[in-house]
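TrEMBL has this to say about the protein:
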type: TRANSMEM; residues: 80-98; note: transmembrane segment
type: TRANSMEM; residues: 105-129; note: transmembrane segment
type: TRANSMEM; residues: 149-173; note: transmembrane segment
type: TRANSMEM; residues: 180-199; note: transmembrane segment
type: TRANSMEM; residues: 241-262; note: transmembrane segment
type: TRANSMEM; residues: 269-286; note: transmembrane segment
type: TRANSMEM; residues: 292-308; note: transmembrane segment
type: TRANSMEM; residues: 315-335; note: transmembrane segment
type: TRANSMEM; residues: 355-375; note: transmembrane segment
Amino acid sequence: MLLWLGAWMARKETYVVGGLDLGLHVPTDLQVYLLAGRRLNEGGLLYDAPLLGELPFTYPPFAAGVFRWLATLTPDLATIIWQAANLLALVAVILLCFSERRRPVAFLAVLLAVAFLATEPVRGSFYYGQINLILMLLVAVDVLPRHHRLAGVGIGIAAGLKLTPAFFVIIFLVQRRFRAAAVAAGTFLATVVAGFFIVPDAGAFWREAMLNSERVGVHENPGAQSIKSLLVRNAGTDSTLLWLLLALLVTALTAAAAWLALRRGNRTLALALTGIGACLVSPFSWFHHWVWIVPLTVAVIAGIASRIDARGFLAAQLGALFTVAVVFVILLPYVSGVLWPQMAYPGPWFLEVNVAWQLAFTGYGLLFLLGWTAWAGWDRYRSLTADAR
C-alpha cells in the first residue's frame, strides 16, 4: 500500500516556479520513452528526428522493445508502474548490498531508500523518470551474489538497454570469471540482434547515433559529469585522443580498485567503485547517472557497523546518519535544493559560476577511486611484506 501510495503521489506531483504550475506530471525522460514506444507501435523510425522538443531517443534499439509495451498503457498508469519499479529497484539494491555485507536489516534499507531521495542522482532519476535505478538492480543481481548460475545475463541485458553497464564486465575479468564475462557478451549481442527485429532503423543507432554524445546533452552544462565533459567545459579542449588516454587510465584505476575490494571480499564496494569508474569514462554522464553512491554508502555504513559490537547501537545509527549526511553535502550543488534550499545552486546554469561545484561528481569520484586504491594497495603491501618476514 505504501509503495502504491508513494507512486501515486509522485504521479500527482507538480512543480511550481515563480507561481507558475509547470504541470510536469509525466517525467520528461519517461515521456521520451513512451513516445519512442508509440512511434514503434505506429511503424515509424526512432533515430531520424527528435521525439519531444529537441530531445531524441538515445538508447539502443533493444530498449525500445520495453518502452513499446509501456506505451500501450495510459500515461498515468505507465508513470505509476515506472516509478514503482524504480522505487522497488532502489530498495532491492540496498537489501542486496546489506545482504552481501551480511547485515540483513530490511527496516534500515527502507529508511535509507527514503534518505537517498535527498541525493540528486536518486532524486533526479525519479524527477526525470530515468532508467538508472533499474539498470543498477540488473547489474547488482549479477555482481553481488556469491554463486549465480546465470551470472552475466543481468549485465548483458542492462548493456542492451543502455550501453554503459557493459563496463561492469571488468568485475568478472578481475575475478577471472571468464564464463560470466562471455555470458554477458553473448547476452548483449542477443539484444543487438533482437533490436534489428524491433526497430526499423536499428542500424542508424549503431552507425551514427551511438557515436554522437551530443545527442545526450551538451558538455558545457554543469549537470554533465564525466571526464569528457570536464575536459570540454573546464579545460577548454575537445581532444578525443586526450580523453581516450585518460579514460584508459581511469579504467585501469577502476580495475585495480575493484580488485582490491574483491580481495577483501567486499563485492558491494567493488560494485560501487566500478559504477563510479563507468560514469567517469563514459563519453557523457548526467548527474543522475551517479546512482552508484547507493552501494557506496551501504558499503561505508556496513564497514562502520562491522567495527562496533551489538551494544553500540547508537554509534551504528550515528554512523549511518553521518554517511548519508556526507553524501548529501559533497554532492552540492544538486542535492541540497530538496532539503536545504539555502545551499542550493544559486545562479546561472553555465560555466561562469563556481567551478568547484561543477566538479562535484567527477572530482569526488576520482578522489575516491585514487584514495581507496592508494590506501588499500598500501595496506595489502604491508600485509604481504609482514607475512614474508
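Placement of Cβ uses the backbone N, Cα and C atoms for every residue, glycine included.
Owing to the predicted nature of the structure, the values given are computational and were not obtained by experimental measurement.
In this chain, the transmembrane segment (105-129) lies apart from the transmembrane segment (149-173): fewer than three C-beta pairs between them fall below 8 angstroms, excluding pairs fewer than 6 positions apart.
Counting Cβ pairs closer than 8 Å and at least 6 residues apart in sequence, the transmembrane segment (292-308) and the transmembrane segment (80-98) reach three or more and so form a contact.
Long-range contacts of the transmembrane segment (180-199) within the same chain, counting only residues at least 6 positions beyond its ends with a Cβ under 8 Å from a Cβ of the stretch, are 40, 46, 60-62, 64-65, 68, 142, 148, 150-153, 155-157, 159-161, 166, 168-169, 172-173, 205-206. Packing against the transmembrane segment (355-375) from elsewhere in the chain are residues 222, 225-227, 229-230, 233-234, 250, 253-254, 256-257, 260-261, 269, 273, 276-277, 279-280, 285, 287, 290, 296, 330-334, 345: each is 6 or more residues past its ends and has a CB under 8 Å from a CB in it. If one looks beyond the transmembrane segment (149-173) by at least 6 residues along the same chain, the residues whose Cβ comes under 8 Å of a Cβ in the stretch are 59-60, 62-63, 66, 131, 134-135, 138-143, 179-188, 190-192, 194-195, 210, 251, 254-255, 258, 262, 270-271, 274-275, 277-279, 281-282, 285, 289.
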